[in-house]
């Protein structure tokens, strides 16, 4: 059984979907005012990890992620660059899709965009107005937080804390902690003519409407960065539970730790933002997945040269063992029992248990490392077979080794020719063949009575 840490209850809980075997889940996506960065990658990859674990367990995931394609940040960027806001949005959404494809993130069920759901959002705002949960000000329509009794249940902020805002907005509200559902038309800003007037949606109502349109008025899992707990997710809950008359709106809230650069917060003001494509180009996509998933998802992830080098060492060791085990299994058969079999099975169970324990990837990696240590001491068929099975299930969940098509027959024939040259002691020619194969990504290991090859994936 899968256990997840639920921010809503502040504890680890057994995962039980509302409509088994289906799992409905929503991830807060990007606001495409700029290129996606490694922090966004981590959120997408943790979502991908959870979906692969659910599929491993036999569930059918229905996953949705959005694009907030109209927002204050987009308008500001458009003004700074003197560029149409729609162009900025389209460029940066394409950038996200390029990155997700490179990292082989599972496609989502739907990628809703705010501008495609303006009428849905306006209708939701009108419903809240009509039922007394919202009120009109001069600049916006606001949610009346005092009308919702459970405010603060997610963040633990019970004092109805306000956030930074301009004086004229404070004066426009009943209470400083009320938040905008709909922003009325302002000079020089995009707007839509709707049932609640000319304007555009507020930040929080967008996710409430889009998620429930595709997943229903109640669904299983909501994911996002830990920086969204307050006010975004707290406000989502308040408006959704009043809008749909449900409690709880979402059963499990999963929050992902922030990315740091050399121990410091990643931010534009510090100039240490790492763009997604830049990071993927420097380190191949498979390793990017491995590195960004190797720290427990709830903890901060620190990107530093030291941490990357440590991860590269582990990744290379695992990759070499995976390829060697694959080659042995493809080329040998044995019916011999080995005493290490039981130990490997224990470590395999430990690895799977770690994945199911709140996606504990560091422990899962450590368990696989224990299997590799046994295999490296005894690279024979029965151990190789079990090692390969462990790698295959690990990769079903982590997807950190992408398969590349290889013509096995041709490679095997070349290896046999090389072995013949070695038997005839034509070592110089045999070494030349080895070097040529290595340049093509085929690595060779010579043992006393056999040669094992594998693709350096």
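Positions of Cβ are set from backbone N, Cα and C atoms, glycine also.
Fair warning: this is a prediction, and the values are worked out from it, not measured in the lab.
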Query raised in the report: Of 30-40, 41-51, 52-62, which span is tagged motif ''HIGH' region' by Swiss-Prot?
Result: 30-40
Requested in this report: Tell me which range among 255-259, 260-264, 265-269 Swiss-Prot lists as motif ''KMSKS' region'.
Outcome: 265-269
Query raised in the report: Here are the binding-site residues: 232, 268. Which has the lowest count of other Cβ atoms within 10 Å?
Result: 268
Query - Three-state secondary structure, residue 207 (Zn(2+) binding site) (per DSSP) - result: helix
Query raised in the report: Which chain neighbours of the Zn(2+) site, leaving out 28, 207, 232, 236, have a Cβ atom within 8 Å of the mean position of the site's Cβ atoms?
Result: 203, 204, 206, 208, 222, 224, 228, 233, 235
Query raised in the report: At the level of the C-alpha atoms, what whole-angstrom distance separates residue 236 (Zn(2+) binding site) and residue 268 (ATP binding site)?
Result: 26
Query raised in the report: Considering the binding-site residues 28, 207, which residue's Cβ sits among the greatest number of other Cβ atoms within 10 Å?
Result: 207
Report summary line: By a three-class reduction of DSSP, residue 232 (Zn(2+) binding site) is assigned helix
Query raised in the report: How far is it from residue 207 (Zn(2+) binding site) to residue 268 (ATP binding site), counting Cα to Cα, in Å?
Result: 25
